[in-house]
Every structure is written in C-alpha cells, then in structure tokens.
C-alpha cells in the first residue's frame, strides 16, 4: 500500500523521466503518460548533468506525467529537487489524447542564472550520464539517513567531479 493520501500528477522533463531514477526515489514507478509543456524551454546547466525549465512564452518541452504521486512521494521529490527549484502548477497536453491537464512541475528559481544554456537532450543523458546519476541518487538516499544529512546538491557535488573546461561531469 502506498503511504500518503493525496494523489498528484507531476510533469517531469529531465532525469525523472528515467524509470530507474524514479524507482530509486519512490520504490515504485508510477503510471506515466507522455506530455508536452508549452511556453517553456528546457536548458542545460553548465557543470551539471540535469536540466531545468523556465517559461519563455514560445517553447515546448517534451516529458512525462507521473500519475498518482502521494503526499509522501511529493515530499521526497521536493527534497530531491532541493532549493534550486520551485514546484509550480502548469498545464500540459497529453501526447496521445491531446487532453489538457493541470499538473505540478519543478521550475528553476534563478531565471537570470548565467549557467543556463542550450537545449538538454534526454537520450544523450541516458547514454552518457544515467548510470552515474542513478548511483548518485542512491548516495543521496543513503546520506538522508545520516544525523547530518546532505542535500541532493551537496551529494551530487561530492559525487561528480567537474571538467570545467567543457562543463561535463567526470566519474569520481
């Protein structure tokens, strides 16, 4: 039985599209459907392996809607997304049915962040960064149990070493 009461629908557009990452965090993979968020752009972040979105008025971001997220699961995901993101309610269109749906998603707090650039690609991430990201996510969960728990940001900073010349993470 799932803990928590309310059921939320959550639009994910980066690493949380990967079932293995979601399973590590929630101990299950919720039902999900493909969706498009209009009026936003998905950015790369210099020195990081995960993306973010910001409203731009014209763009489209492809992703998935995770269905039936509980209060406890949403709390876990809020903690994972950490202080860099705000959770907002947005409208997406489901790819298969064109149905419009109000969902939660995580939006980058700092719209003027100088580290924002380009377009983040999920398939490229899966090929190059997924394995290390899953390992770092497991480390985040381990660190949460410590008396002085580390945030996801702190865990990932210590897990990934950065090649500052090209902004790509290196294995630790």
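Glycine is no exception: its Cβ is also placed from the backbone N, Cα and C atoms.
Copied over from Swiss-Prot, here are the features:
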BINDING   13, 14, 15, 16, 17, 18  substrate binding site
ACT_SITE  81  active site, proton acceptor
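Listed in sequence order, 37, 42, 51, 53, 61, 62, 63, 64, 105 are the same-chain residues at least 6 apart in sequence whose CB falls under 8 Å from the CB of residue 13 (substrate binding site). For residue 16 (substrate binding site), the number of other Cβ atoms no farther than 10 Å from its own Cβ, over all displayed protein chains, is 24. In this structure, the CA atom of residue 17 (substrate binding site) is 14 Å away from the CA atom of residue 81 (active site, proton acceptor). It is 15 that, of the binding-site residues 15, 17, has its Cβ surrounded by the most other Cβ atoms within 10 Å. Within 10 Å of the Cβ of residue 14 (substrate binding site) there are 22 other Cβ atoms, across all protein chains.
When secondary structure is read from DSSP and collapsed to three states, residue 17 (substrate binding site) falls in the helix class. Taking the mean position of the Cβ atoms of 13, 14, 15, 16, 17, 18 as the substrate site, the remaining residues of that chain whose Cβ falls within 8 Å of it are 12, 21, 50, 51, 63, 64, 122, 125.
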